[in-house]
Amino acid sequence: MINRLLNNLTSFFTDNRWLFSTNHKDIGTLYLIFGGFSGIIGTIFSMIIRLELAAPGSQILSGNSQLYNVIITAHAFVMIFFFVMPVMIGGFGNWFVPLMIGAPDMAFPRLNNISFWLLPPSLFLLLCSSLVEFGAGTGWTVYPPLSSIVAHSGGSVDLAIFSLHLAGISSLLGAINFITTIFNMRVPGLSMHKLPLFVWSVLITAFLLLFSLPVLAGAITMLLTDRNFNTSFFDPSGGGDPILYQHLFWFFGHPEVYILILPAFGIVSQIIGTFSNKSIFGYIGMVYAMLSIAVLGFIVWAHHMYTVGLDVDTRAYFTAATMMIAVPTGIKIFSWIATLWGGQIVRKTPLLFVIGFLILFTLGGLTGIVLSNAGLDIMLHDTYYVVAHFHYVLSMGAVFAFFAGFYYWFWKISGYTYNEMYGNVHFWLMFIGVNLTFFPMHFVGLAGMPRRIPDYPDNYYYWNILSSFGSIISSVSVIVFFYLIYLAFNNNNTPKLIKLVHSIFAPYINTLSKNLLTFASIKSTSDSSFFKFSKFFIFFMVSLSVLFIFYDSLLCLNDHTNSWKIGFQDPTTPIAYGIIKLHDHILFFLAVILFVVGYLLLSTYKKFYYGSLNNDLPESKRISLFDTLINTYKENLSFNVTNRTYNINHGTTIEIIWTILPAFILLFIAVPSFALLYAMDEIIDPVLTVKVIGHQWYWSYEYSDYSVVYSNRMLDYDSIDRFAAMEMMYKGMGYLKDRSLLSYLYIPMVIPETTIKFDSYMIHEAELNLGDLRLLKTDMPLFLPKNTHIRLLITSSDVLHSWAVPSFGVKVDAVPGRLNQTSLYLKNTGTFYGQCSELCGVNHAFMPIEVYVVNPVYFYNYVYIYFKNFNLI
């Protein structure tokens, strides 16, 4: 078998058809094979991540936090640059764009070849970067100073940068090729408004690549020179600013999200048009919705940076601009549903993946509305809520669309047909697996669990084990997928319709149509196996739900109910109360939208499913709901312009309706969002100022204006009896010695011109006392008074950190060279915990925040006694 494999590899590299090919179909096939290989690597990385997070403590990585950081970095790079982009743009784009526009090939065939062959060495460099010294553990954002020569002194980050450069050049060359091909090589008569929607999506994606990738190239080149040539673009010690890198990166990074999802939109449009036996509803609206998404995608980049210290007006602008993207996205969702309504729905594997895409992408988009609010994002930034959001958009958006397109075009590409039953098994396993993996992440994110950590407090255990179990199901679905391909190529089931694979579209090349691929070869076969399988899975899902509800109800009887917490931590500041109230307000509207989308999909499927295109569809069924609505009010749909009468067709009217309605919903969401945002920015004259400094191992705190605050400003003289009990306690602890506690009440603090400074380290698990919380207990907590206006000044001494306490509603980045500030007004006493939520090296999971909120009557005296005992005063 090994000799056979070596012979195949040798023949591959000596066969000019593949190595030096200029045929767009062969190059597209190479992209698909390369993307599949990269997808396996990325899936393995994701499985390692989920196995490590299956339980608290070290599971499979032996406590190597840097290795965990390297794996999450490689997982993101591989999935984005070497799986989704190659298969969606390079694979399907190369295969079908020339065919859909009637072109003999791409405009620059040799350029097409080199654009592919830049990807394997790029992937090789990325994988090598993981093996050089300790690897590149920077996250896919590669933020400095963590990516600087001080924090990553080896060549790993340099290799990762070179890998990104090669992948970027490959994408730029491909984008130029697609733009030239689509503009110059269409058959005569095929205008831009007659292009298939998949071609439009690839064209818009190519422009996004052309405008965004040079910015990324500039950012990582400046980072490279900072690391190796002593420049200081992002080094605060030399006058640079690490936030500049974030602006440059996200100017590329957010359009990159639409680079990944726009080809998916095109694929979904093709499949829905085919399997509903209808043309796409609102074609022009769909095109301009994609154009609007592309334009808006360039002006919303800073919604990834709400916590870095942007002023309130800037955050308000990016909140509004980000919300606007929901309008064209909603147009596309409802246009797809309108296409299905009134059609002749054929239930095949591609359509199953498309319906799954519609439901799950809608859910991911709605959580994006939540995160677009600068006020809410303060609580959710860099938590697993964000991870859940973008995986619902990508893992269940782009990837589901890829599988839909793969099954849809499989026989057109390979000449073989796949087993429909295994295709359905693949869909259901993947649908269940990805939901079980990512839906619980919303709950741990709301509870404040930081992302990109290899270890977590025990309270997050149950949701994480559920996510890890879901990832195993998803991996099984991938195995089923590759087994399906194996069966397709080894069962000799070539359909009779296909004579020559590479000339399959020849009879259709010059057909002037909005969609050259609306034809389909769907056999009229029995679906009995599918129905049996569907019944089994429905029974399985219902049984699993019943068992889960029963198990959850049993958990309510013991002490572990907090581990299944599905909401925010208990608030203790007015800001935290406001954030939770705003979240509930927004969630109501989003739940209604999700219900409407789900109801429309289910009712459409129930009403218009006919099993096969060969069945006759009663004419009464072809009248859509939207036609009925419009015909009712047809008399009111005309208007005069310059003495001419124009009738608004049903597509335009409906699109106007579902453009205005989402805009009104966004308005209802935006008004309280802006009110909360500006309220959060108000800093009342503080009684106490605390400076917070982040380090890679610990936090430092300074009561910087302690010397000007006197204890008797805040005393409640009716509470003197409490001090008698406190005095006995302190004397028992050896703090007061011979002095009375009451002597501290009536005289100013005896520490004029003194600033209290102390460091706060995590207490390791072996040193914890009974009842202490693992990963959250510190040796020196921060003391803050209740019902007092407090100002926090936050900065960093080395890399980026984030001071985040969920119960306070506070999350502020600690940036070297900057001094960010926020205000606190604490309403409850108690002990509150938080963690650093920014990736800051190997110690990311080991920088807890412990805050004691005490009664102001006791605060100054208690602080003085406590720190005097540790010789800090």
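For all residues, glycine too, the Cβ spot is worked out from N, Cα and C.
The feature region 'COX1' is assigned by Swiss-Prot to 1-474. Summed and averaged per residue, pLDDT over the region 'COX1' (1-474) gives 92.
Within the chain, the transmembrane segment (29-49) has long-range Cβ neighbours (under 8 A, six or more residues past its boundaries) at 18, 21, 60-61, 68, 71-72, 74-75, 78-79, 82-84, 86-87, 90-92, 94-95, 116, 119-120, 123, 127, 406, 413, 471-472, 475, 478. Residues or ranges marked as transmembrane segment in Swiss-Prot: 29-49 (among others).
Residues annotated as Ca(2+) binding site in Swiss-Prot, with similarity to another entry given as evidence: Glu52, Ala55, Gly57, Pro454. Long-range neighbours of Pro454 (Ca(2+) binding site) (same chain, six or more residues apart, CB within less than 8 Å of its CB): Glu52, Leu53, Ser58, Leu61, Gly63, Ser65, Tyr68, Asn69, Ala845. According to its DSSP assignment, Pro454 (Ca(2+) binding site) is coil.
The transmembrane segment annotation in Swiss-Prot covers 70-90 (among others). Long-range contacts of the transmembrane segment (70-90) within the same chain, counting only residues at least 6 positions beyond its ends with a Cβ under 8 Å from a Cβ of the stretch, are 27-28, 31-32, 34-36, 38-39, 41-42, 45-46, 48-49, 115-116, 119, 122-123, 126-127, 130, 134-140, 160, 163-164, 167, 171, 174, 178, 202, 205-206, 256, 259-260, 263-264, 267, 394, 398-399, 401-402, 405, 452.
Taken from Swiss-Prot, the feature transmembrane segment covers 91-111 (among others).
Per Swiss-Prot, transmembrane segment is recorded for 114-134 (among others), and the stated evidence type is sequence analysis.
Residues of the same chain lying 6 or more positions beyond the ends of the transmembrane segment (197-217) and with a Cβ under 8 Å from any Cβ of it are 89, 92-93, 96-97, 100-101, 164-165, 168, 171-172, 174-176, 178-179, 182, 248-249, 251-253, 255-256, 258-259, 262-267, 269-270, 280, 283, 286-287, 290-291, 294, 297-298, 515. Under the heading transmembrane segment, Swiss-Prot lists 197-217 (among others), citing sequence analysis as support.
Per Swiss-Prot, transmembrane segment is recorded for 248-268 (among others).
Distant neighbours of the transmembrane segment (323-343): 265, 268-269, 272-273, 276-282, 285-286, 288-290, 292-293, 296-297, 300, 358, 361-362, 365, 368-369, 372, 597, 600-601, 604-605, 607-608, 621-627, 654-655, 658-659, 662-663, 666, 669-670; these residues of the same chain sit at least 6 beyond its ends, with a Cβ under 8 Å from one of its Cβ atoms. Residues or ranges marked as transmembrane segment in Swiss-Prot (evidence: sequence analysis): 323-343 (among others).
The annotation transmembrane segment is assigned in Swiss-Prot to 351-371 (among others).
Annotation comment: Swiss-Prot describes His389 as heme a3 binding site. Around the Cβ of His389 (heme a3 binding site), the same chain contributes Gly364, Thr367, Gly368, Val370, Leu371, each under 8 angstroms and 6 or more positions distant in sequence.
Annotation source Swiss-Prot lists transmembrane segment at 390-410 (among others). When Cβ-Cβ distances below 8 Å are used as the criterion, the transmembrane segment (390-410) is approached by residues 32, 79, 84, 87-88, 92, 95-96, 257, 260-261, 263-265, 267-268, 270-271, 274, 348-351, 353-354, 356-357, 360-361, 363-365, 367-368, 416-418, 423, 426-427, 430, 434-435, 437-438, 441, 481, 488 of the same chain, each at least six residues removed from its ends.
Here Swiss-Prot flags 469-489 (among others) as transmembrane segment, drawing on sequence analysis.
Swiss-Prot lists 536-556 (among others) with the feature transmembrane segment, giving sequence analysis as the kind of evidence.
Feature annotation from Swiss-Prot assigns transmembrane segment to 585-605 (among others).
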Message = Given a Cβ distance threshold of under 8 angstroms, which distant residues of the chain, six or more beyond its ends, lie next to the transmembrane segment (469-489)?
response = 40, 43, 46-47, 50, 403, 410, 414, 416-419, 422-423, 425-426, 429-430, 432-438, 440
Remark   = One finds that other Cβ atoms within 10 Å of the Cβ of Ala55 (Ca(2+) binding site) number exactly 15
Task = Ten-angstrom check, please: count other Cβ atoms within 10 Å of the Cβ of Glu52 (Ca(2+) binding site), all chains counted.
result = 21
Inquiry  = As a test of the contact definition, list every same-chain residue at least 6 positions from Gly57 (Ca(2+) binding site) whose Cβ is closer than 8 Å to its Cβ.
reply    = Asp455
Remark   = Those same-chain residues, other than Glu52, Ala55, Gly57, Pro454, found with Cβ within 8 Å of the centroid of the Ca(2+)-site Cβ atoms are Leu53, Ala54, Pro56, Ser58, Gln59, Ile60, Leu61, Asp455, Tyr456
Task = With H, G and I counted as helix, E and B as strand and the rest as coil, say where DSSP puts His389 (heme a3 binding site).
result = helix
